[in-house]
Amino acid sequence: MADAFVGTWKLVDSKNFDDYMKSLGVGFATRQVASMTKPTTIIEKNGDTITIKTQSTFKNTEINFQLGIEFDEVTADDRKVKSLVTLDGGKLIHVQKWNGQETTLTRELVDGKLILTLTHGSVVSTRTYEKEA
């Protein structure tokens, strides 16, 4: 099922992303730059290993993981987190934990688009990506 997420995805819409970053403690200047970028996400699968690369003029990140196995991650805003990604009901659920906090990044496919829902406490941001040819 994770195969359905494989591809190159370009951000086309973003809702409430600044509030989400603010809730994580991201500084004003970084939020301003990050809010203006339109990142490309590349999802690859090689055997049991999934790679998610996020590329933008702001910062490039890459994570490699296997479903259900916790791993260390350094986020785009330089948080050092413990991450766990699972597949549940056709959704990739990515949970990051650090310093007693937790945020969830849920990726799902809706009408051929990749919908990324970011949740931290009561703050929710939705980012919509379209697949590139």
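Note that Cβ sites are derived from N, Cα and C of the backbone, with glycine treated the same way.
Per Swiss-Prot, N-acetylalanine is recorded for Ala2. Marked as phosphothreonine by Swiss-Prot on the basis of similarity to another entry: Thr8, Thr30. Positions annotated as phosphotyrosine by Swiss-Prot: Tyr20. The phosphoserine annotation in Swiss-Prot covers Ser23, Ser83. Swiss-Prot lists Arg127, Thr128, Tyr129 with the feature octadecanoate binding site. What Swiss-Prot lists as (9Z)-octadecenoate binding site is Arg127, Thr128, Tyr129. The feature hexadecanoate binding site is assigned by Swiss-Prot to Arg127, Thr128, Tyr129.
Shown on the structure are the features that Swiss-Prot records.
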| residue | record | Cβ contacts under 8 Å, 6 or more apart |
| --- | --- | --- |
| Ala2 | N-acetylalanine | Lys45, Ile50, Leu67, Leu87, Leu92 |
| Thr8 | phosphothreonine | Thr40, Thr41, Ile42, Lys131, Glu132 |
| Tyr20 | phosphotyrosine | Leu118, His120, Val123, Val124, Ser125 |
| Ser23 | phosphoserine | His120, Gly121, Val123 |
| Thr30 | phosphothreonine | Met21, Asp77 |
| Ser83 | phosphoserine | Ile63, Phe65, Glu70, Phe71, Asp72, Glu73, His94, Val95, Gln96, Lys97 |
| Arg127 | octadecanoate binding site | Leu11, Asp13, Ser14, Lys15, Phe17, Ile115, Leu116, Leu118 |
| Thr128 | octadecanoate binding site | Leu11, Val12, Asp13, Ser14, Lys113, Leu114, Ile115, Leu116 |
| Tyr129 | octadecanoate binding site | Trp9, Lys10, Leu11, Val12, Thr41, Lys113, Leu114, Ile115, Leu116 |
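Those residues of the chain, other than Arg127, Thr128, Tyr129, with a C-beta within 8 angstroms of the mean position of the hexadecanoate site C-beta atoms are Trp9, Leu11, Val12, Asp13, Ser14, Lys113, Leu114, Ile115, Leu116, Thr126, Glu130.
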